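> The structure follows.
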């Protein structure tokens, strides 16, 4: 089990680091009192392998417990429990700017100057910084830079293609574009099986419609170009630290063309070992639109 303790200066990026670790599959706990660290570690080891990656955030708001923190670390060492400490920091100037932008007071100086709180906190955390395994100065970092750094140090690089969760989603434009889409593709230029009497009753999940749609020259060319583009985009999304990608493919009603094409794109990505799933938002809409609603 990988056990990461995240700490550092207020305003240095602990919240964003925690979110990134969560996206990487870590079970994250924020502001656990240091006295409970050893007990928490025991619970994790007794999970039967269900918990493989843990990130525990220790904030200066628990500053009165820092003696307990070092006692907990000694306990972990004595019991041969492996842990890593990630320490985040930034310059005084950058931290002051961040506090002013968020209009927050410093936790160690709620009624005074932000700089006073930063100075006190830096001194309190000196010993923790000295024993940290990784120190990240976020002074010149944008969020994406921090995500990249966290991913580089704590991501699973054995199967990098699994780091991005991909959803291929079919939909009908007449029911609206999915609001959480990252990429939207319009396949209404492809011949519509809806106007072929013997195909109208089926959906893109059924062989007759699937065969008709996928044999169209427009479909063949579109899928090849789309998959080729995704092969370029996905590794770059992973490198940037993106954790989820929703690829929405739409036709008029979301029942025939978009369903067949979304299924094919999903199968292609699946064969290339990407962490992908398929959803059909509107495939049944036309079947039920005539039913009376409660």
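Heads up, the Cβ atoms here are built off N, Cα and C, so glycines get one too.
The annotation ATP binding site is assigned in Swiss-Prot to 8, 9, 10, 11, 12, 13, 14, 15. What Swiss-Prot records for 59, 60, 61, 62 is GTP binding site.
Tell me what's around each of these sites.
All protein chains shown were included, and the count of other CB atoms within 10 Å of the CB of residue 14 (ATP binding site) stands at 22.
Counting only same-chain residues six or more apart in sequence, the Cβ atoms lying under 8 angstroms from the Cβ of residue 59 (GTP binding site) belong to 7, 10, 14, 30, 31, 107.
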> Could you list the residues of the same chain, at least six apart in sequence, whose Cβ is under 8 A from the Cβ of residue 11 (ATP binding site)?
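Looking at Cβ-Cβ distances below 8 Å from residue 11 (ATP binding site), excluding near sequence neighbours, one finds 90, 95, 98, 99.
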> For the recorded ATP site formed by 8, 9, 10, 11, 12, 13, 14, 15, name the remaining residues of the chain with Cβ within 8 Å of the site's Cβ center, in chain order.
88, 89, 90, 138
> Which state, by DSSP, holds residue 59 (GTP binding site): helix, strand or coil?
coil
> With H, G and I counted as helix, E and B as strand and the rest as coil, say where DSSP puts residue 11 (ATP binding site).
coil
